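According to TrEMBL, the protein has these features:
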type	residues	note
REGION	59-89	region 'Disordered'
COMPBIAS	72-86	compositional bias 'Polar residues'
REPEAT	172-206	repeat 'PPR'
REPEAT	207-241	repeat 'PPR'
REPEAT	242-276	repeat 'PPR'
REPEAT	277-311	repeat 'PPR'
REPEAT	312-346	repeat 'PPR'
REPEAT	347-381	repeat 'PPR'
REPEAT	382-416	repeat 'PPR'
REPEAT	418-452	repeat 'PPR'
REPEAT	453-487	repeat 'PPR'
DOMAIN	600-681	domain 'Smr'
Amino acid sequence: MAYHHLCSSPSSLLRDRHFLSVSPKPKSLRTLPFSSVSLKPAPFPFQSNSSIQATHVSLQEPMPQEAPNPQYPNAKTPSSSKNNVWVNPRSPRASRLRQLTYDSRYTSLLKAAESLDACNPNENDVLAVLTSLGDDVSEQDAVVVLNNMSNPTIALLVLDHFRKISTNTTREVILYNVTIKVFRKSKDLGGAEKLFDEMLQRGVKPDNVTFSTLISCSRVCGLPSKAVEWFEKMPTYGCDPDDVTYSAMIDAYGRAGNVHMAFALYDRARTEKWRIDAVTFSTLIKIHGLSGNYDGCLNVYEEMKALGAKPNMVIYNTLLDVMGRAKRPWQVKSIYKEMISNGFSPNWATYAALLRAYGRARYGEDALNVYNEMKDKGLELTVVLYNTLLAMCADVGFADEAAEIFKDMKNYGTCKPDSWTFSSMITIYSCSGKVSEAEGILNDMLEAGFETNIFVLTSLIQCYGKAQRTDNVVRMFNRVYELGITPDDRFCGCLLSVMTHTPREELAKLIDCVEKANPKLGSVVKLLVGEQNSEENFKNEALELFNFIGSDVKKPYCNCLIDLCVNLDLLERACELLELGLSLEIYPGIQSRSPTQWSLNLKSLSLGAALTALHVWINDLAKVPESGEELPPLLGINTGHGKHKYSEKGLATVIESHLKELDAPFHEAPDKAGCPRMGHYISMPNYWSLAVVGPTTVCLVLFP
């Protein structure tokens, strides 16, 4: 993954302060920030212009000087010689000169490392390969061989061999460190920890590089808690972390869940101007996102740019995902636009984040555009992404689009529909009242080996209810008990919703179902439908019901009960339920008042509940002059953004029609210019304003 900050590439050796990177292109040399000794080619009087410069290897001690070439005992090294003689690079002499350089030695060491990785894990085979290096194997040679190996089992045998022939026992830690890196390449933290224990048993003292390698190995293995554990052991062995290690630990502490420590180190990093990599910034953004501090995510992003760190794809994808979870699609669009303008091309993770973001926010058109772009590029979706799209289609009423996506999913064959896929499709057809299509998906679901669940049965009951097939509703209800499923609040709410579409003569069939599923709800419905003159008993039963059910279903239940009252012409009962809903704060903020404006907000109400609230509000307004109170300059009714795609008629249409039935005087005012003495208008979709032009006379202005 991208967060492998302390990687095992040659460049990482520079940070270890034991040796420089042994680059495959030795011409690009770098200088150590500490004392280093360069291993130079054997001295000779002529330097070929085709030879490769020697690789620098820092051992923090002077390397033994090579014996002078007996052919030229008084010759200077090429770097200090003032006289250069050109040698034909194709001549035998040039070939012999090249063999004297360390680059030739380096090549043979790389081949030895490759052979060791491939050999059998036994001492004889390992020794056979190492013998090819000759008797004079330097510490630098051992470091190069181990650093380029990838087989940890063989590396242990090689380490043991080099330890036995090493004459400098004080520097064994270097050999152990590069061997631990082999375990890091293999993501074998357990093996690395065993090697650390062996170090201690042999009396080898670990250094900063040892711990930084173990920390990076823990991160590579996805074990941030282990990284924290190794970091906190450093002072015990007299090791002080450097800036690179501290920066890496911001990420490790964040992933381990120690948010306080992560941000404490981040504050220190900003103060002391440590270099922080993009992965660490990504982790900080995720930490803020998990805690719900979405503004904090954006702050870290801005701080990152202010510090001169350039965002990469990891940062952009993390931000898109977090802002999607925050349900801020407008910021998702802004971040994506910035990403494209900075020259980045979206990858699969980008598209996945966009789909999730637009799906959660119900940005139907945007989500479908992303889906089509993925199809055009041949990118495959997972079943989770398909389900996200279909769930969004179910919520916004994209029945035809959902059918096409479901068809694509089956045709591509990269992933099979699961129970959630079938459930979403059944919901889509159920909301549209398409019985045959819903039943067809149910059959496909059963043939695929999935059992029906409470969600599927709830959707089917809704489907049959919309089609006014009451007997099928009862049959599905009985199926729930046959399967041993306990009806939940959502299921009972669906039954209640179906009752609002059911003819009065068939309500008794459903009342029995409701009473069996939820006795308290059944009692309220029986009192309501029975038209019994027990007002106080009805209020008490309704209050007990709302105190019993979950908060997430209180508004749907109250909406449905009021709708049922309106359908049965029980306006007084509807007003009682609305009053109860207001007192229990089921409908917060329906009415609001300021010195200049009184408003009625109907956006979250069902059709029946909205008409009831309008009726109550108008009655309250009629009583204002009698009380001696003055009306404000402006009265407003907010109905939201129109109808749901599944609905035959939306709230705005119903309210407008009702006002016409009341013969309320109003005229359309698309330019927001209403009555003559109108001082203020609010510009909102589907917002009706009544501008007061006299003590008792009002003029109604409809904002489209």
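Each residue, glycine too, has its Cβ placed from N, Cα and C.
Nobody curates TrEMBL annotations by hand; they come from automatic prediction.
Fair warning: this is a prediction, and the values are worked out from it, not measured in the lab.
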Mean of pLDDT values spanning the repeat 'PPR' (172-206): 92
Cβ contacts under 8 Å made by the repeat 'PPR' (382-416) with residues that lie 6+ beyond its boundaries: 352, 355-356, 358-360, 362, 364, 367-368, 371, 375, 424-425, 427-429, 431-432, 434, 448, 644-646
The repeat 'PPR' (312-346): DSSP-derived helix, strand, coil residue counts: 26 helix, 0 strand, 9 coil
For the repeat 'PPR' (418-452), sequence-distant contacts whose Cβ falls under 8 Å of one of its Cβ atoms, 6 or more beyond its ends: 383, 386-387, 390-391, 393-394, 397-399, 402-403, 406, 409, 459-460, 462-464, 466-467, 469, 479, 483, 646
Outside the repeat 'PPR' (312-346), six or more residues from its ends: residues with CB under 8 Å to it: 2-3, 278-279, 281-282, 285-286, 288-289, 294, 297-298, 301, 304, 353-354, 356-358, 360-361, 363, 366
Within the repeat 'PPR' (277-311), residues counted as helix, strand or coil by DSSP: 26 helix, 0 strand, 9 coil
DSSP helix/strand/coil residue counts for the repeat 'PPR' (347-381): 26 helix, 0 strand, 9 coil
Residues in the repeat 'PPR' (453-487) grouped by DSSP into helix, strand and remaining coil: 26 helix, 0 strand, 9 coil
